[in-house]
Amino acid sequence: MTTSSDSAMVNHTPSPWYKFGFKSFAEFNTYVTFVFLGMSIMMVASAVTSAPDFLTRYYVYATGDPDAVAETPLFWNNANTFYNAGTYVLQVLTELFSLTPFMRRIPLSVRLFVGLGIPFAELLLIIIVPAATIKSQHGAIAVIMVVACVGGFSKALCDSCTNALVGPFPTKFMNGAQWGLTVIALLMSIIQIILKVSMGTSFHDILTMSRIYFGICIGIQLFAIFELAILRFNPFAQKYIAEYRAGAQRNAQNNESTLEETAPSMNEPAAGDIADLPATVDDKERALNEEEGDEVRAVTSEEFHVKRGAVLTATGDADKMVDLDQTGNITSTEQLLRASAASVFKRVYPMLVCVFLIYFTSLLTFPGVFFLVSTTSGWYMTVIVTLFNAGDFISRMVLMFRPLRPSPKVVVAGTLGRLIIIPFLVLCVRGIIRGEALPYVLITLLGLTNGYFGCMACIHCPRTTTLRYAGERSLAAMLSGISIMLGLCFGSNLSLAITLTH
């Protein structure tokens, strides 16, 4: 393969408005798959966080004693914060390990299926323990922390692999995966409110609600696995996921060999043979059917000498570029192994810093510090969680419209500007500003800015014209996931320290 430029323009024919920008069912189903993969990343965490009363009183249901008194009030009063801290610590470690050559050699689909399978064990454990009951409250604490740590591992696998898969796709697919993160959170909050309103508050009612609640989670997780399983056969997804494309071409070549043996007169071009392709096939389609030459695929040393923070000054549209390593016979593993994480980091680090700071601020204050506000309302915690999830959801929906997407420089400004929420929250916690109205306003703003600037910072990482290889885009997306986890980890642990010393 030879190429004279780093990118090629792809012809985009506008589709009717009622198709919402999708040109085929295969493209739409690919988008749906990434939404559900995003949902699966936060499935267990969102389910637990959206039912704060169930978690903080889990010792009652685990021991089967409706009159049980907390033996370790320090833990149970801050169960949500302890859960988040345990989850994010292990998730950060696993995500960092995912950058090593050893992990990159494991096929993405294998890692992703493992990550999607683990939540079943977590959800079943949460449900089964109250059904079987245990004698010790310390056992209930152990269950929560085991679920937190195992959940951190599974989330890391799902997050890193989903980011690696979606990185080379056009921007709207990255937005779909990011949107899925908050769709599940809002959905769990709505389900929790419906169940809380429609059912009683007795011991057995709460147990029934929890089984319905977590059963719905299991159903959604099953659908996500189904969507991932059929994604391998999706022709649109094969254009961008080298692992699936290589497998499809191997199958095509095997089928062609069989046909040649039974019908020698047939002379169909083999997969990867571009000699007979019609001239009307666009540049991207042609690149996908070319054979890869090692001398072309290796990233040249000149490409490592890039401007630091180039993402802030990049021009052009990454969606109109053809990545140089999107050829017919390369796999996703090879793309990842040939890209340099250091080179990618150098180009997109301003957005990575924004991602870290946004999620650090969010987890520093939510849910722990917001729950420290003095209130007599039994709905306060549920409303706080719902407002954050709703704001996060709405702002990510806004980003589906290209004109409303902020530039990298605006993302930097927004990241710094949202810090003004913190001093007002401190006034509420200290009782200087009383009531629930201001905390509700602040949590809504926190959710809106978390989704708008956080999601856009993650999108700018892989979808920048400073990256020219699919492997680089996958690594950039993985780095954004690591930045999220670092922000969540440090934010949740600092929040834990604040709540414990309050």
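Quick reminder: no glycine exception, Cβ is built from N, Cα and C everywhere.
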Does Swiss-Prot give Leu165 and Leu404 the same topological domain, putting them on the same side of the membrane? yes
Listed stretches 179-199, 211-231, 409-429, 437-457, 478-498 vs the transmembrane segment (82-102), most Cβ pairs under 8 Å: range 478-498
Are the transmembrane segment (437-457) and the transmembrane segment (353-373) near each other by the rule of at least 3 C-beta pairs under 8 angstroms (pairs 6 or more apart)? yes
Output the single range from 112-132, 381-401, 409-429, 478-498 maximising the number of Cβ pairs under 8 Å to the transmembrane segment (179-199). 381-401
Run the contact check on the transmembrane segment (211-231) against the transmembrane segment (478-498): 3 or more C-beta pairs under 8 Å, excluding pairs closer than 6 in sequence. no
Seg_contact(the transmembrane segment (381-401), the transmembrane segment (112-132)) with at least 3 CB pairs under 8 angstroms, min sep 6: no
Residues of the same chain, at least six outside the topological domain 'Extracellular' (374-380), with any C-beta under 8 angstroms of its C-beta? 431, 434, 436
